[in-house]
Amino acid sequence: MRIGRWVLGEGREHTGVLLGSDAAGKTTFLYQLKLGEMVSAIPTIGFNIETIEYPDGGSITFWDTGGMQRNFPLVLESSSRVDGALVTTTGCDKIRPLIRHYIHKDRFLVFLHDCTDSERLDYSIEQLHSAAGWMAEFGCPYMWILFNKQDLLPPSERDSIVAGLRSRFESELSQYQDRHRIKIMDTPGLSAASRAQLDPVMKEIRQTLGQIPESSRETTKAQVKELERGPSEQELVERIKKANAESAGPDQFYQDFVRGNLDSWDHYAHLRAGHFVMFEGLSRGSTLLDCATLFLSRLEQLRLQNPERFRNTAHRTMTIFWLYQLQLATVAYQIEKKLVEFPSSSDFGSIMLLTPSLMNSGLWRTYYSKDLMFSPGARDNWHLPDLQPLPSFQRETPSSTPSAPASAVDHYRLPRFAFSVVQKTLSSNLRRGGVVKQALAALQSSTMRLRATDPSVPPYSETQAYFWIQLIHASLKSLEMPTSGQSLSSPIFDGSVTMLTFEAFKTLFDITGEEWRRHYTPSTWESIPARMSFVNPDLKALPNVFASPSKAKVDLARMYMANAITHRFTRPAELPPREELDFSAAIVIDEANLMPEGSLNVVIHASLLQYLHRQLSTTQSSSVETEKRGPSGMVAARTALALSEILGSTQSMFWVQQAQISLANASRTLTFEEFVTKNPQLAYEDLPFLYYSPELWWSTEAKEVFVPPDRRPLSSVVSQLASA
């Protein structure tokens, strides 16, 4: 599901939160409505989210927050310390820090009670009072109460049991009726498992929600329509043509910008300078948010040089908004003109003419309210729009589950793998020899696995693998060396080699995949001894370093780097090849083993996985039932809550869910090494960006509350139907 169906979408849209004790049937209720099927779900950790679409254009989004277990209350027996953050929660009242991630004044509540669980009736009543309290605290307008699992009651006693429950609940709720709109549904035989009475329940809920005054929605629509008018397109085009004609050439403009000598610092100049800085950042492998930081730092330098011309107008949200619009327009221009390379600074005028709305300095008003944009928080931090979402340029629909590339024969398989290995050796504190050893083992295992299903995959050869690691290491080292005429501190490539893409690397050094022929004869290269262990070249020894690439090649490589970042708009990301995942898993295990006993810093990925395994595995062996279904939902929930103090809500819940699913799929308790080895995708630090855009992942909103992904859906439901 995307970040949300916003107020400007089609039909009426509402969001509800499912509450109730564990095993009350909330997840079953949710997926019967969504899929019309009974599914097996792992214990909910607080963020099953599904949207139910209706033919009339309306929709209901339900948040399944997980159940509250009396034998697994949200209580930490002792204070938990996570990277210096002390998190102590005791008693039912302390669940509020978790609930606040879900309950909002615009959301309604649905409370499910298990009619068959007479032993925990009092506990369910406690949770009912908590829900009524949250209605008052957060301003929720409605709550519906459903008596679930009526089909499991003895037929002769069903009516009397349900009547008794209704009487008890009405008595408990009498104190709230004057303040809240709470209704106990009269639905004989209600059962989420069989879907009995679910349609009448949803019909009544939708009819009631349809009576909610929506004047605010209509007012927002009217305001946005008025603001969208702005200057006419023709007027904007004329402004762009005039600015294009009067502005200096690309090189002169950039020099004037760097020196603070621009004749005018108007909206057009802001955009043009932003386009230069955006390309500079993207070509080094930076994200758009990093580009904004670079742009703001440049403006601060200019303000110090010329405070009269460059006033202190730094605004992080506004800067990222315009850079995002620029990137979107640049991608549109590249596609329109069928360009292979990223559009250059000389194309800026044409980019503006293709998307003239960029010249409308008030464009942000169609996305942001003034209250948000002019708030101190938006000035200092990145905030998502509150009127309508940022436009997306994704042209392909990604699969719901990311996958590694197919096992077809890849001419660049070994060079690409070696490239990732060398980058890891340059960024890790591990010894190069140990990293290479782990890499070769991962490659050998992956190759054997691939050849079992695809004999066309070449057999593993230690000589071939080690050759490419040596060659690429020498190549990348040459980028750190200055060329003739440069100072010793000025390498020709001023970006980090660990941020290079493989395509850019190939461009820098004209890699074809046939470089081995300069050093080995085919008979030696393909020999059995060369497969078993490394064999030295029999034609020409490998150099320790290569000549630095020309400036033309560096410029072309930067184009490829910028392309790689911007193509995230149009191409859904997938997992790296399996051998790279296995290698990453081995490195994570080594890094975790080197950490001092008792140290914990969840900002480091190996430490984060170690913490997740330690916390979520504690209950995995506590019972046979838990072992089958993975860690307790409440243990997972409190783990996410503790991590949110450091990582924020969305990031903590994402990683907890990924770890929980991995543990739930295991038939027994896993050691940390087994946990990572059997689930190597967890070692992939960029895993979140298969689901989330960086703009959403790093937003203030994602830090404060859990937000659903905007790239591909995220679900904790095990992909198998429950047995009948």
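Sequential numbering from 1, following the chain as shown.
Cβ atoms are placed via backbone N, Cα and C, with glycine included.
Copied over from TrEMBL:
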- Gly20, Ser21, Asp22, Ala23, Ala24, Gly25, Lys26, Thr27, Gly67, Asn148, Lys149, Gln150, Asp151: GTP binding site (BINDING)
- Thr27, Thr44: Mg(2+) binding site (BINDING)
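Taken residue by residue with DSSP, Lys149 (GTP binding site) is part of neither helix nor strand, so it is coil. Cβ crowding, taken as the number of other Cβ atoms within 10 Å, peaks at Lys26 among the binding-site residues Gly20, Asp22, Lys26, Lys149, Asp151. In this structure, the C-alpha atom of Asp151 (GTP binding site) lies 17 angstrom from that of Thr27 (Mg(2+) binding site). Distance noted between the C-alpha atoms of Gly20 (GTP binding site) and Thr27 (Mg(2+) binding site) is 11 Å. Rounded to a whole value, the Cα-Cα separation of Lys149 (GTP binding site) and Thr27 (Mg(2+) binding site) is 13 Å.
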